[in-house]
């Protein structure tokens, strides 16, 4: 019996007997009238019109209708009543003709149903444990059974679930009392049977739970790792040769070597460390010496340099030479073409227009900032000045001088607004300038020089208009690497058409002095062999028996600690060190010869073309009558206003002849 409230089938006592009687009754098409009343009664709950139109059908017709209604498939209809009954009720034809046609159709359907029931009984009787099958038509004979209502499509609820023949056979083999009472228990039993037959793939949640269970089992229970094969048994160590136990490391093997070998190895390691330290110190030794020297130079004011200095004439002359270089070569070609032949920029009241292009200048070896005022008086205004120097104390003093210029102190002769300046300690020849922040912002080309790209050599370049190096490049010729690093920094900072201005010792003067002294020394040695007497050296020359060369006067002195070439040609061009002394300025600082031809050949590798080169005294003779530079020399105390003579002693002139100035263009 189907209970809609519990959604289950319940069997009562005597159901099997009634099922058997139903099967026997199905063999007889005209069993009785009571089943017909139940069918019409069940349908009458949903359709009252049927009961009114058929108050009492005959037994033959109702029995056939019962069999047809139970076994025929559901018809597709949108009504809630069985299609066959509703059609029979609502037909408007003659009742006598309709009754005859219904009787014929129901009789044929009853005969087909009787054949099917007979076949079913034969198949069931052949099983090992026969069990009578309950006929669906017999459900109408039960007084407490209510016909299952049809769904919207006309199908009945008892026809929804179909059980295969194998499951029916297995269920029939089980005893009736052990069968689950509810549908839920039967479904669980069925699922258990299906799980025994074949395992379905687990869901994601089951795999997750299985992983957690497995991890817990790994922690708490025995592991299921495969057993690895056992290692082969080791042969026992002979007792007469026990293994000697030692600490790990090289120290454990020291006992195997004699003490003399260990001492010799230790000495070799110490000697190698000393040599490496010497090589490292040689690379930075000169820069350290120069840095310490210039940091120790005391700061003297302008008044002392003009009154008490012993070399005040030489100081003024050197400053005038640097001003001449800045005035002649710092402006670009456009600026010079605009004022060509007019020298309007020389007038104090001639302020350049506001839209005029301003210069970007970097000074390699700026020292204490002694050239700041010279750049402030440049014909083309300066927008940015970057000062680099290896001496930290000099950088501090240069920054203080610049701050004094900004505040109004020392603005003598200034006709342009003060430029922006930045200072930073830096080894300009031994290190790459690309790591300086302000240089990176302005621009520096790392691809200049040999090995650079062709496009960089033609179109590349830095962002500075002028690179200045006053009295400094001779420190770079300690080695070829330093010299090339210096030129790489210069060429990398310069833009196309930029100028490289500088002042350095004149190698022609050094070569002439060295060859002259060596010739006199050789002549004296030849005369000494004849007379066996030594002649006193001439004035200004000092000769030593060990072959060293030295010359100078009371103001300056040059001394070579090594043997110099007899002809005065320095080969190779790098590493020819000498000591230079300048009164009140330089105290025996090591410097290096800058062979000019070798230097010019190196500059060609970095796209630097020589534009100007002259000794100091030649520059004076050429520019002393210039309308701008001539009066400037008088204001700087280089020339006497009354006589026009150069205000320097002969010793100062000799010291000034040791230098020359140059200018290269970036092409």
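For all residues, glycine too, the Cβ spot is worked out from N, Cα and C.
Fair warning: this is a prediction, and the values are worked out from it, not measured in the lab.
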The annotated region 'Disordered' range in Swiss-Prot, which must be one of 467-493, 494-520, 521-547: 521-547
Which of 312, 322, 328 belongs with 365, 389, 427, 470, 471, 472, 475 in the S-adenosyl-L-methionine site listed by Swiss-Prot: 322
Listed in sequence order, residues with CB under 8 A of residue 319 (mRNA binding site) and six or more positions away: 370, 374, 636
Proximal but sequence-remote residues of the same chain as residue 318 (mRNA binding site) (Cβ under 8 Å, at least 6 apart): 503, 616, 656, 659
Reported mean pLDDT - the domain 'mRNA cap 0 methyltransferase' (309-667): 87
